[in-house]
Amino acid sequence: MSDNQDILAVIALTLPDGSVKTFPIGTTGNDVALSIGRKLAQDALALRVNGVAIDLSTPLTADAAIEIITFSSPAGQDIFWHSSSHLMAQAIEELYPGSKFGAGPSIEQGFYYDVASTHRFREEDLRKIEERMLEISKRDIQIRREEMSRTDAIEFFKTVRNDPYKVEILEDTLKEVERVSLYHQDGFTDLCIGPHIPSTSKVKAVLLSNISSSYWRGDSARENMQRIYGITFPSEKLLKEHVARLEEAKRRDHRKLGAELELFMLSPEVGSGLPIWLPKGAIIRNELETFLKEEQRKRGYLPVYTPHIGNIELYKRSGHYPYYSDSQFPPLTYHDEEGKQEQYLLKPMNCPHHHLIYSSKMRSYRDLPLRLTEFGTVYRHEQSGELNGLVRARGFTQDDSHIYCRPDQLVDEICSAIELTQFVFGTLGFSEVQTRLSMHDPENQAKYGGTAEVWEQAEKDVQEAADRMGIDYFIGVGEASFYGPKIDFIVRDALGRKWQLGTVQVDYVMPERFDLTYTGSDGQKHRPVVIHRAPFGSMERFIGVLIEHTAGNFPLWLAPVQAVVLPIAEDVLDYAKSVHQALLAAGIRAELDTRSEKIGKKIRDAEVSKIPCMIVIGQKEQESGEVSLRRHRIGDEGRFSVSGLIEKLKTEITGKS
């Protein structure tokens with residue numbers, strides 16, 4: 001072989017640390033991992049080449065920047081769990097022949113697969129499937145990718161697999177695609193873009209958690225399916241850690257704590273997904289609303305109120321109907337005295353109503369920005385299987401604001417909305433916040449309102465504002481709303497779970513649909529830009545997340561009961577009552593425990609109720625005109641005069657510490 005041929009047969013691969021290694025053409029990711037170390041090769045799941053993840057078995061033919069993907073990274077977990085959904089499907093097919101499979105994606109914590117089967121799955125079946133998955137894992141089946149034309153794939157899934165769901169995907173969703181990829185593991189084959197783990201043996205621990213109902217393609221008019229959820233790990237140790245987190249999550253479950261702390265209730269007599277706020281929960285919600293209203297007032301927002309229903313024509317004009325019709329309650333049909341028919345919808349969004357408020361009078365460039373705000377209740381007909389206490393409800397209240405501004409004011413207003421959202425999260429103890437710039441998918445322009453040029457400008461403005469605010473963000477292509485790009489704020493709670501809460505969204509589309517205008521300095525009409533903004537997102541969801549984040553241990557300013565007065569004996573009851581009244585008069589939410597229980601029992605009950613301050617009063621306190629302060633989860637803090645205690649607590653409450 002000549003020197004030139006030797007040079008051509010070598011490729012240079014740049015590793016994450018910047019070092020460069022040369023390998024023969026045709027080297028695979030597995031070869032690279034082995035060259036670095038046996039442990040890395042054991043942990044390797046896939047390879048990232050120039051930013052794109054591929055299978056470890058794929059030959060490399062050109063110079064590239066590469067990275068070995070392991071389970072320790074989000075990308076590795078995504079690949080591992082999606083591969084595990086195929087493993088579960090293979091196990092189900094072996095145990096329950098004739099089962100067919102719909103969608104089987106990875107999710108944030110594991111995976112699921114929608115299964116069409118004559119067998120009605122029960123809890124005990126999950127254990128059988130787990131056992132079979134581990135048995136398949138021990139077979140060490142090499143997972144093999146095959147590419148073929150879409151036409152050949154349709155024939156394969158019709159004749160070999162007899163899988164109508166994959167045929168439908170190929171004939172419908174992928175109709176513009178020429179070639180597709182399949183993944184084989186023994187006798188099981190599935191349609192998938194990949195990549196996948198190299199072998200079933202990578203899966204060492206399995207937990208299938210629950211079964212719910214679903215519909216093919218999420219359409220209630222289509223076939224009913226059974227959705228099986230699970231999670232897998234490359235070691236038993238990781239599974240045990242996961243189970244421990246699940247136990248802690250159960251302890252923090254907002255539905256459990258909501259009942260124990262008497263915050264909210266759900267009743268079948270009212271309807272699924274329609275929470276009722278009890279007095280203590282209403283206090284928390286009111287405190288949060290008051291907090292945000294005060295901050296908005298400082299920033300020039302104007303409050304409005306709008307109805308809970310609206311004429312369907314309003315939502316047709318905005319595009320919310322029929323765009324969101326699958327998640328809306330059916331229209332209410334009304335006939336007036338003359339027989340004329342009108343249809344109304346339970347309000348799916350507040351924004352169309354706010355746009356009408358804007359257009360109710362002529363606006364000048366001097367009037368802008370106009371910032372309208374409302375805690376408006378909206379309604380979505382979520383599927384019953386998706387409902388989850390407060391965090392996924394059918395009726396919920398959004399802290400909705402719409403800012404109408406001139407184009408030259410836009411970036412400043414986005415920055416102001418970002419600052420307010422950051423302030424809200426910081427005040428409420430969410431220190432880990434990710435920011436996603438949710439952009440449109442240019443390959444699917446028909447999904448969005450407005451022109452490509454409008455979207456280009458909107459996304460440029462969003463990114464400029466994020467850069468100006470120094471936000472560390474990532475871009476989510478295809479995550480935008482149909483009328484504009486968004487800045488989504490994703491908080492991480494005390495258990496490490498991620499929740500998408502607040503949002504700031506730019507909208508050039510609705511001003512066109514509602515013909516919103518203002519008179520410029522040139523005397524001509526111009527279009528304003530709209531910013532949709534909601535730091536909480538929805539009050540129900542935010543409070544549900546907050547309950548779990550704090551485990552019900554709310555900060556003093558937010559606690560429904562801020563202090564409880566605990567007299568040690570009946571002979572100090574009159575003094576305890578006077579202390580209680582002094583606290584109430586100072587605006588502190590306080591209770592008085594007059595039960596004839598021992599002080600230890602009263603303290604334990606107050607701890608269980610998660611009351612921040614316990615004010616203990618005995619003979620010594622009465623004689624000195626003082627009180628003893630005990631903090632929830634902390635213990636004794638010493639004795640104070642009544643006025644000194646009140647001043648101390650009010651300072652903490654005002655400072656929201």
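Cβ atoms here come from the backbone N, Cα and C positions, even for glycine.
Under the heading Zn(2+) binding site, Swiss-Prot lists Cys351, His402, His532, citing sequence analysis as support. Mapped onto three states, the DSSP output places Cys351 (Zn(2+) binding site) in helix. Sequence-distant neighbours of Cys351 (Zn(2+) binding site) (same chain, 6+ apart, CB under 8 A from its CB) are Ser318, Asp400, His402, Met510, Val530, His532.
Here Swiss-Prot flags 7-70 as domain 'TGS', drawing on sequence analysis.
Here Swiss-Prot flags 253-555 as region 'Catalytic', drawing on sequence analysis. Confidence over the region 'Catalytic' (253-555), given as mean pLDDT on the 0 to 100 scale, stands at 93.
Under DSSP, residues within the domain 'TGS' (7-70) fall into helix, strand and coil as 16 helix, 23 strand, 25 coil.
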